[in-house]
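This report concerns only the one structure given below.
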2 protein chains.
Amino acid sequence: MVGLLLTVIMLLHASSTSYSSSSPSSAVLQTLFQYINDHQNEFVQRLGEWVAVKSDSSNQALWGEVRKSLNMTSDRIQAMGGQVEFAEVGTKQLPNGESVALPPVILAQFKRDPSKPTVCFYGHTDVQPAKKEDGWSTDPYTLTEINGNLYGRGATDNKGPVLAWLHAVETYQGTKQEMPVNIKIIVEGMEEVGSDGLAELIRQRNDSFFSDVDYIVISDNVWVSRHPALTYGTRGSSYFFVEVEGPKLDLHSGVFGGSIQEPMTDLIALLGSLLDNTGKILVPGLNDAVAPLTEEEKKLYEDIHFDLDEMKKTAGVKRFLQDNKEGILMARWRYPSLSIHGIEGAFSDPGSKTVIPRRVIGKFSIRQVPNMEPAVVETQVKKHLEEVFAKQKSPNTLKVTTTVGAKPWMANVNDVPYVAGRKAVKAVFGEEPELIREGSTIPIANNFQEVTGKSTMMLPISGHDDGEHSQNEKISRYNFIEGTKLFAAFFHELAQLQKDS
Amino acid sequence: MVGLLLTVIMLLHASSTSYSSSSPSSAVLQTLFQYINDHQNEFVQRLGEWVAVKSDSSNQALWGEVRKSLNMTSDRIQAMGGQVEFAEVGTKQLPNGESVALPPVILAQFKRDPSKPTVCFYGHTDVQPAKKEDGWSTDPYTLTEINGNLYGRGATDNKGPVLAWLHAVETYQGTKQEMPVNIKIIVEGMEEVGSDGLAELIRQRNDSFFSDVDYIVISDNVWVSRHPALTYGTRGSSYFFVEVEGPKLDLHSGVFGGSIQEPMTDLIALLGSLLDNTGKILVPGLNDAVAPLTEEEKKLYEDIHFDLDEMKKTAGVKRFLQDNKEGILMARWRYPSLSIHGIEGAFSDPGSKTVIPRRVIGKFSIRQVPNMEPAVVETQVKKHLEEVFAKQKSPNTLKVTTTVGAKPWMANVNDVPYVAGRKAVKAVFGEEPELIREGSTIPIANNFQEVTGKSTMMLPISGHDDGEHSQNEKISRYNFIEGTKLFAAFFHELAQLQKDS
């Protein structure tokens with residue numbers, strides 16, 4: 001992993017001095033861009049039709065709408081001559097015990113030319129819940145344009161990007177140009193609730209649907225500023241459960257308070273040993289594995305546009321732990337972090353209750369970065385907690401468990417799709433993309449990369465202020481339309497690179 | 001308070017050498033005890049009828065049963081010539097918004113002789129919930145005698161003691177002996193859910209019903225061993241809410257983890273500063289107010305029977321913080337304790353969620369002892385938490401609030417009812433009572449003492465292993481019947497003391 005990171009850094013550094021973009025005057029691109037400009041109202045109207053479908057996957061009563069959104073996607077693909085398979089992914093057990101069939105996953109492809117590279121796009125058409133009463137200024141299922149922004153649930157997450165991808169394919173057909181790449185598409189309807197069945201489907205189809213795929217592209221995240229970006233890394237994550245068990249039943253704090261060592265006292269001491277007030281993780285050895293920061297990498301962060309004041313306002317925090325942009329970006333992307341999420345088993349309702357809980361489970365997670373290994377982190381955390389617990393000299397029992405840790409994901413920006421992506425950004429936006437990471441863990445990226453072994457890329461077209469999952473979600477007309485151009489240009493540049501090599 | 005405590009200690013010390021009990025051969029007592037022995041099966045049968053009433057006050061659908069249990073109490077009192085008032089105590093709003101009338105409180109009295117002292121007994125006929133499936137060996141509402149124990153919900157808490165009190169009065173009538181004291185009775189049906197309306201009723205009737213009461217007696221707690229006991233103190237309690245508020249909304253730990261100071265990190269540091277692993281409270285100054293332990297008081301604990309191994313087994317703890325009986329009793333009764341009960345606002349469900357909660361409220365309580373003052377404790381705790389928070393250098397906001405603190409309750413064992421109680425115990429059981437305290441806070445004792453200013457006493461007849469609130473609650477036939485004798489003898493001794501003075 002260190003090797004990979006260094007390669008990335010060196011390439012990034014090299015790119016800032018020697019990279020030369022495709023000519024924006026390329027006749028092919030001009031034709032494509034003109035078509036997209038000419039058809040933009042039609043594209044926006046279609047997004048309106050898609051947003052009108054209440055495909056909220058969190059509500060099983062609305063799975064019919066989820067299926068409808070998948071059918072609309074299929075109709076679009078088939079109208080362009082694509083072949084669609086609705087792959088069944090099993091059933092889900094509802095809280096009432098009933099088993100219901102999950103919405104299927106679309107696996108689509110167009111006529112294949114073995115001489116061309118094959119790109120597989122992943123997207124989803126299900127959305128987060130939305131109600132006008134939640135604080136939306138407009139009806140969430142009526143796409144509404146205000147000052148160049150297209151407001152509506154799913155506009156940016158992820159209906160807009162899925163449509164932009166399809167519109168990019170349509171643009172080649174509409175301008176009677178040969179598709180420069182083979183296209184495969186995977187679209188699901190359960191992303192917002194955990195992508196039920198998808199991982200298993202990828203495994204099942206690894207030797208068939210995915211066998212001839214060269215590049216997998218995901219457009220389900222956002223830029224970090226008003227400038228276009230390519231995402232080359234996400235943090236991994238391990239979730240820890242620290243259980244302290246004491247008496248055989250909950251006890252009354254009046255009767256037993258002062259005479260027994262309470263599980264909560266032990267747990268608070270354990271949780272309190274994890275990090276300090278600067279955010280530094282205090283688990284011995286844990287930070288040693290973090291890839292060292294070189295001067296070259298440090299410079300990368302200088303070029304990224306990131307508005308501290310706007311971010312403070314958005315999150316409603318008075319100040320960040322770091323006092324400058326570079327520090328904050330590094331804290332989010334290239335350093336590990338530890339968050340304590342809560343305690344199970346203790347009193348958590350409003351009001352007061354004088355219980356001594358017999359068994360409490362503290363929960364925290366650690367976001368991991370290159371070159372941390374979840375298995376090593378697990379060992380370090382357990383050892384640390386056991387040492388702290390030993391000092392408590394407690395008669396209680398400690399048990400530390402962890403969910404399988406997701407490794408940090410890191411792409412090599414020297415890979416063909418990143419180079420193509422940078423050329424495409426330059427062609428569309430006239431500037432270099434920001435090379436960014438995500439602080440969060442995006443399991444689907446890891447999943448594709450680990451199971452298929454294919455080069456996986458995150459190519460966002462959504463704005464940093466689009467408010468995915470929030471009230472007043474939107475995508476700007478600019479991002480939606482220029483994003484469509486970006487995808488069209490990306491196909492072109494990808495093919496060009498293949499020809500050049 | 002120090003003065004009072006010292007008096008208590010000196011008297012207790014004196015009593016162990018110079019106290020001389022009433023003669024158990026007293027003809028009056030012999031007659032009373034014989035009657036009780038002769039009628040014990042009838043008394044047990046009546047307890048069975050009372051236990052059969054499912055007067056679970058926590059379930060509003062069962063308030064009809066609560067009223068039935070009060071009616072049975074009233075019938076018993078009236079059958080003995082007592083006058084009963086059902087005092088209404090207002091309404092309770094249910095979660096569905098409906099207001100329902102609370103079960104009334106019984107205020108009863110017998111014909112009054114102004115030359116005699118007046119004793120008011122407090123009890124309750126409502127019970128905790130109970131279902132066979134919860135792990136009862138017998139049907140909870142069918143009083144079942146096994147090896148001398150009478151199993152059934154409410155057998156010891158508090159139907160048995162209420163009946164024992166009424167049977168003691170009946171015994172005087174049955175033996176054609178004049179009642180040596182005036183009797184008043186207050187019985188409620190909402191004790192297990194917080195005695196709704198009772199405090200207000202006491203205030204309202206302070207100048208009427210309570211005006212001629214000399215002594216208030218409560219028999220709603222338990223012995224500490226197999227030996228009879230008088231209870232002369234309870235700890236007070238203050239409940240604290242430590243709120244840390246940060247961002248304006250819950251944040252994603254992937255996106256923000258590492259770049260903001262999380263409210264949970266601050267809260268864990270605050271809670272971790274409260275006590276150490278020996279149970280010692282670390283709030284500066286707090287322990288200074290604790291009445292010093294004298295050699296005389298220390299000796300008191302030596303005489304108390306307390307089976308460490310049995311208590312370990314009951315609570316299911318491997319060991320106590322103190323390694324001997326005296327230490328444990330003092331930790332429970334005469335030293336303050338601090339218990340952390342839980343956190344509101346953090347993730348508390350099963351499973352995992354990677355949230356950074358925007359606002360969390362830690363909850364803890366401090367059991368207080370002479371000579372601590374809740375108002376001073378509040379100031380000390382707030383100052384301490386503010387100092388710890390200042391060291392966190394946090395951009396978050398701290399708010400510490402507390403519920404009105406209940407002062408520790410402490411009776412003077414030199415008061416007439418305690419002297420009478422000790423004579424009565426000697427007469428019935430042939431031994432000195434253990435002079436004990438309760439670690440918990442019993443608001444009704446405080447309430448009576450503070451509002452009425454009357455001498456208030458706790459005179460338990462329930463066994464230390466009766467399992468109030470638990471499965472398989474019981475009272476032994478021995479405790480029920482000898483407890484009835486204790487109350488009968490108590491009336492006699494009280495009157496004797498008045499005559500002697």
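Even glycines carry a Cβ here, placed using N, Cα and C.
Remember, predicted model here, so these are calculated numbers, not experimental data.
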Out of A:ASP157, A:ASP196, A:ASP250, which one does TrEMBL list together with A:HIS124, A:ASP220 for Mn(2+) 2?
A:ASP157
Which one of A:GLU188, A:GLU192, A:GLU432, A:GLU434 goes with A:ASP157, A:HIS469 at the Mn(2+) 1 site, as TrEMBL has it?
A:GLU192
Which one is it, among the recorded positions A:HIS124, A:ASP126, A:ASP157, A:GLU191, A:HIS252, that lies nearest to A:HIS469 (Mn(2+) 1 binding site) by Cα separation?
A:ASP157
Starting from the Mn(2+) 2 site formed by A:HIS124, A:ASP157, A:ASP220, give every other residue of that chain whose CB sits within 8 Å of the mean position of their CB atoms, in sequence order.
A:GLY123, A:ASN158, A:PRO161, A:VAL162, A:GLU191, A:GLU192, A:SER219, A:GLU468
Cα distance (Å, whole number) from A:GLU192 (Mn(2+) 1 binding site) to A:HIS252 (site 'Important for catalytic activity'):
42
Select from A:ASP126, A:ASP157, A:HIS252, A:HIS469 the recorded positions whose C-beta atom falls under 8 Å of at least one C-beta in chain B, and return them in sequence order or as 'none'.
A:HIS252
Return only the integer: C-alpha distance in Å from A:ASP157 (Mn(2+) 2 binding site) to A:ASP126 (active site).
9
For A:ASP220 (Mn(2+) 2 binding site) and A:GLU191 (active site, proton acceptor), determine the Cα separation and express it in whole Å.
10
Can you count the other CB atoms that lie within 10 A of the CB of A:HIS124 (Mn(2+) 2 binding site)?
30
In which DSSP state, out of helix, strand and coil, do we find A:HIS252 (site 'Important for catalytic activity')?
strand
Within 8 Å of the Cβ centre of A:ASP157, A:GLU192, A:HIS469, which other residues of the chain have their Cβ, at the recorded Mn(2+) 1 site?
A:VAL127, A:GLN128, A:GLY154, A:ASN158, A:GLU191, A:GLU468, A:GLU473
